[in-house]
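Asks: Here it is, the structure in full.
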Amino acid sequence: MSTGMTAQAGVDTFGRVGVAMVTPFDQDGALDVSAGRRLAAHLVDNGVDSLILAGTTGESPTTSLDEKLELFAAVKEEVGGRAKLCAGAGTNNTATSIEAARAFADAGADSLLVVTPYYSKPSQAGVYAHFTAVADAVDLPVCLYDIPGRSGIPIETETLLRLAEVPNIKAVKDAKGDLVAAAPLIQETGLAWYSGDDGLNLPWLALGASGVISVIGHIAPRALADLYVAFDEGDIARAREINAKTLSPLVEAQGRLGGVTLVKAALRLQGIEVGEPRLPVTAADAEEIEALRHDLEKAGVL
């Protein structure tokens, strides 16, 4: 329960401490549903109150819709009563995104994450039409995912202001990193705002974000939850300490390895097996694993 330092918009739908969960594979590269159940339970047991499935960190480009739905169903059965479940439905194909959105709605998702269409670089008119088509196709809250470093284009301010008027568009996951531009939009739109960049979690909370959607939270879920609680209770010194001592070394490691490679290697070092990434994403090599071991020890999570 919040005590008031953090924004409350959207938390009943999207949660506060979210992790964009990896998709576990077995040694043959097939979906490992049992490992998915175990990982989801581990994260929720350690303070995570929202899981984002089938997102970029879930290797959405290299998993089929059937695989996504199978993992979602298993995770919902495992932790659905204890955490919010947000499903990644966005692609660079509007029709495919609508198909996924409807399938996840039928599967019982609490909300959807829809990324800016990537690679094809549509106009802002196309971005608006894409998001509204997906949102109109389902009766679920939608979180827009603004990540121009991957999509190639941003959601521009005027487009976002128009999208905020769509009834079931309720939130933004911001991985653009432009805090100055976002600060007035958080107030003006009334949308729930979520940090999509672990290195900026504290600044986003200070600007009025409702929570975080994290990658490194896989590796240090309790620390991430503790950071949120400390900030919410007004113990900024404690939040800074957690961020500096535990989370910052993991952010640095992510910068070297990338999210999926980092998480899967780190979880293995922690004794949680989730397999290796699917190509074209590669597993960490021996040298990278040794450096990562040092990072985890420095962070106090190994």
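Placement of Cβ uses the backbone N, Cα and C atoms for every residue, glycine included.
Keep in mind that what you see is a predicted model, and the values were worked out from it rather than measured.
Just lifted these from Swiss-Prot, have a look:
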ACT_SITE  Tyr145  active site, proton donor/acceptor
ACT_SITE  Lys173  active site, schiff-base intermediate with substrate
BINDING   Thr57, Ile213  pyruvate binding site
SITE      Thr56  site 'Part of a proton relay during catalysis'
SITE      Tyr119  site 'Part of a proton relay during catalysis'
Asks: Please work out which residue of Tyr119, Tyr145 has the most C-beta neighbours within 10 angstroms of its C-beta, and give that one of the recorded positions.
Replies: Tyr145
Asks: Near the Cβ of Lys173 (active site, schiff-base intermediate with substrate), how many other Cβ atoms are there if near means within 10 Å?
Replies: 28
Asks: Near Lys173 (active site, schiff-base intermediate with substrate), which recorded positions out of Thr56, Thr57, Tyr119, Tyr145, Ile213 have their CA within 10 Å?
Replies: Tyr145, Ile213
Asks: Can you tell me whether DSSP puts the residue listed as 'active site, schiff-base intermediate with substrate' in helix, strand or coil?
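Replies: It is in a strand.
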Asks: For Ile213 (pyruvate binding site), what is the secondary structure state per DSSP, taken as helix, strand or coil?
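Replies: DSSP call for Ile213 (pyruvate binding site): strand.
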Asks: Near Thr57 (pyruvate binding site), how many other Cβ atoms are within 10 Å of its Cβ?
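Replies: Neighbour count, Cβ to Cβ under the 10 Å cut-off: 24.
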Asks: List, in sequence order, the same-chain residues at least six positions removed whose CB sits under 8 Å from that of Thr56 (site 'Part of a proton relay during catalysis')?
Replies: Ala20, Gly88, Val115, Ile147, Arg150, Gly259
Asks: Rounded to the nearest Å, what's the C-alpha distance separating Thr57 (pyruvate binding site) and Tyr119 (site 'Part of a proton relay during catalysis')? Just drop the number here, would you?
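Replies: Here the two Cα atoms lie 18 Å apart.
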Asks: Tyr119 (site 'Part of a proton relay during catalysis') to Ile213 (pyruvate binding site): how many Å between their Cα atoms?
Replies: 23
